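Lifted from TrEMBL, the feature list:
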type: BINDING; residues: 108, 109, 110, 111, 112, 113, 114; note: substrate binding site
type: BINDING; residues: 112; note: IMP binding site
type: BINDING; residues: 114, 140, 141, 142; note: GTP binding site
């Protein structure tokens, strides 16, 4: 209400015929509360709604009709980010350091260390949905080779256990949620020279195939 009060005061100073008083502020707040109540049933995460409708074949998906365009994206086998802010699958401690140094996760210009985390399938799926990717080019799989086991962030839940259906746009919510993980075995072998997908260890192929049900395009590890 404080911000609206300032806006109305500014309007009163600039427009001589604008009569402003406490009753005007109260009336405006109440009016827009009623608007909010009427609109609330129609407000939803449209990315989730649209993709759910596509999956149920309720609407036509246009992306497959446009395959003359490039719908691929490069994706690391784990998650990184730079700077502060919520990072649900971030790995702190020795494993995070291992990924950072093995993957040379430092800024090219600043040398600033990147934050490293487990692959976040919720965020990856959301990125694919909003961008219409039909295939993903996987890279840096070999960075995970020294791990006994690997975690996959497969879903989000609120603190009370309520599932979060899609990647939230509210950063405050993103900070508060919990990640549900699946643990898969590592492969404990050097795959940096592998050039054919079929030559990967079984555990590495299982990790790739579990990571996301889009078509993966094989790139060098």
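Every residue, even glycine, has its Cβ placed from backbone N, Cα and C.
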Spatial neighbours, same chain, of residue 112 (substrate binding site) - Cβ under 8 Å, 6+ residues apart: 82, 106
Sparsest-packed of the listed binding-site residues (114, 140) - C-beta count within 10 angstroms: 114
Nearest-integer angstrom distance between the alpha carbons (Cα) of residue 141 (GTP binding site) and residue 111 (substrate binding site): 22
Substrate site shell beyond 108, 109, 110, 111, 112, 113, 114, criterion: Cβ within 8 Å of Cβ centroid: 82, 106, 107
Euclidean distance between Cα atoms of residue 140 (GTP binding site) and residue 111 (substrate binding site), Å: 19
For GTP: widest Cα to Cα gap among 114, 140, 141, 142 in Å: 18
Fewest-neighbour residue among binding-site residues, criterion Cβ within 10 Å, set 109, 141: 109
C-alpha spacing of residue 140 (GTP binding site) relative to residue 110 (substrate binding site), in angstrom: 22
Residue 142 (GTP binding site) versus residue 109 (substrate binding site) - Cα distance in angstrom: 24
